Amino acid sequence: MKTYLSQALSDFFFEYETPRQVLVKDRRIGVVCRLIQLCVLVYIIGWVFIYEKGYQSTDTALSSVFTKMKGIAYTNESGERIWDVGDYVFPQHGSSSFVVMTNFIMTAGQKLGYCEEPNDMYKCKSDSDCQKGDYKRTGHGQKTGRCNQTTNACEIFAWCPVENDHYIPDPPLLLSAENFTLFIKNSVTFPVFDVIRSNLVEEVDSSYLANCTYHKTKDPVCPIFRLGDIVEMSGFTFKELAQGGGAIGILIEWTCNLDWAERYCRPLYHFYGLYGNGKVSKGYNFRYAKYYMEDKSEKRTITKVFGIRFDIIVRSLARKFDIIPTLTTIGSGVGIFGVATVVCDLMLLYILPKRDFFKNMKFKYTIDHGEAIGIIFQIENSETHKPCVDRISESFTS
């Protein structure tokens, strides 16, 4: 037993095994093998390394966005008025999602009392047609149970006079918002690479900001945008969107190759209409109210705002050379080269006319133990084959 173990250990440490290789002189197999290897090489270099940047590690950014609007508008509906940033931007603290008012319906002097719904919403002939406490989801108040015989409409308890929003002003009252400007300040941090960038790139200074307006080709780094240009680049006309409201997406895209200098890491701006093509519930609107006291009574002015909602979205991806993904990609590519061997072996052993000949060349066959013993008994008395018998016997006894 000891001798067997020592022999096994000796074989393990002091012997080397290598696969047997057969050189096949066949043009068809040679061409197929080289074509497959060429395709694998093109895939590794062209797709994995050049297109997918398989030699680089990646990181996404932490981002912050600040916005600031500039511009004034003039209206003369129920009196002259100037509208500035504090009037037409919601919310007013400069977030990445905000609304610019472009049209409105204002109902002033409302106070709690009794009145009727407009547009014959609650028609009646007697009090029995006006169930007390009843209301509609689209109504403005609750029925009192009384029918106004003069107007043939149910009386409601509501903020009176009731808002009438069936007519939307056309043209939009704040059509001059087309010339408002939007300043966007965006900062991104790539924590893996310890890189901080801003859309206020190296050539942007105070004098530049005082005179620039974004243009895709002439001024692509300017962070000041004209609202009319944003709407146009998103695929809409400003007047169409301003009347009933809508939504615009502003995408700030950072795609940075940090193997180059950091100054080349700059944003690109893209603009998308998020308005939709639905036939119902078009546009974007909301209401807000301002409350005040008059003659010791609480009153309010309610405004239905039609506006353009802007959603600023930041998308980022930074890349930089890293030895670990490089070695991983190379190792994967070397493994893929084995596909050529598998395909060529299948052709040799199962498809080509000389497949039996190639099988004999590729594989070395042995006879089993029982057949070997039978052969030994048949020739053991033959002097001619005695040396052969001795070698076979030694192979089974060793």
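Positions of Cβ are set from backbone N, Cα and C atoms, glycine also.
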From the disulfide entries in TrEMBL, identify which of C147, C160 pairs with C124.
C147
These are the recorded positions: M69, C115, C222, C256. Which one scores highest on other Cβ atoms within 10 Å?
C256
Ten-angstrom check, please: count other Cβ atoms within 10 Å of the Cβ of N179 (N-linked glycosylation site), all chains counted.
15
Could you give the Cα-Cα distance between C256 (disulfide bond) and T181 (ATP binding site), in whole Å?
28
If you count Cβ atoms within 10 Å of the Cβ of K304 (ATP binding site), leaving out that atom itself, what do you get?
16
Counting other Cβ atoms within 10 Å of each residue's Cβ, which of the disulfide-bonded residues C124, C147, C154, C212, C265 comes out lowest?
C212
Need this for a regression test: recorded positions K68, C265, N285, filtered to those with Cα within 10 Å of C147 (disulfide bond). What's left?
none
